[in-house]
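Let me begin by presenting the structure, written as structure tokens, before commenting on it.
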Amino acid sequence: MDEQEIQRLVEEVSLQYFEMPFLHKAVFNNRLRTTGGRYLLKSHNIELNYRYYEVYGEEELVGIIKHELCHYHLHIAGRGYKHRDRDFRELLKKVDAPRFCKRMINEEKEKKIYKYECMECSLQYVRRRQINTKRYVCGKCKGKLKPISKTS
């Protein structure tokens, strides 16, 4: 789906569910990570997360578009457009838009695990962050630490 298709889809959803035209721009923003979309107050544009379209399909994207259009139309009308406002929640129910989008299934980042061993007492330390072995010593016997392994 490209920029023109998403613009057309947002305009269609606006007319179908809100019976009002969408007169601004709708674009995909690849930098969005934790949200399905956002409505920009100053420019009145809507930005959408392309990954939600890839992972969940057009149906979830339409739900996100309806949610952002609720912000848009209420803000344009001068009514309460924030999540906590009654006008916003009532309009969400009216158009059957989700209040929150689904959680993104993100590929778990490889969690590096560093293992260190005391050269004196053989106590092992497991850490998620690397330790400067020249600066830090064993907490039990004050012996030097040596790295054993780094797993990812």
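Residue numbering: from 1, along the chain as shown.
Including glycine, each Cβ sits where the backbone N, Cα and C put it.
Across the domain 'SprT-like' (7-147), mean pLDDT in this model comes to 92. According to Swiss-Prot, the domain 'SprT-like' annotation covers 7-147, on the basis of sequence analysis.
In sequence order, G36, G37, L92, A97, P98, R99, C101 are the residues near H67 (Zn(2+) binding site), counting only same-chain partners six or more apart with C-beta under 8 A. As annotated by Swiss-Prot, Zn(2+) binding site applies to H67, H71, with the evidence given as sequence analysis.
There are 24 other Cβ atoms within 10 Å of the Cβ belonging to E68 (active site). Marked as active site by Swiss-Prot on the basis of sequence analysis: E68.
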Where H71 (Zn(2+) binding site) falls in three-state DSSP terms: helix
Cβ-Cβ neighbours of H71 (Zn(2+) binding site) (radius 10 Å): 22
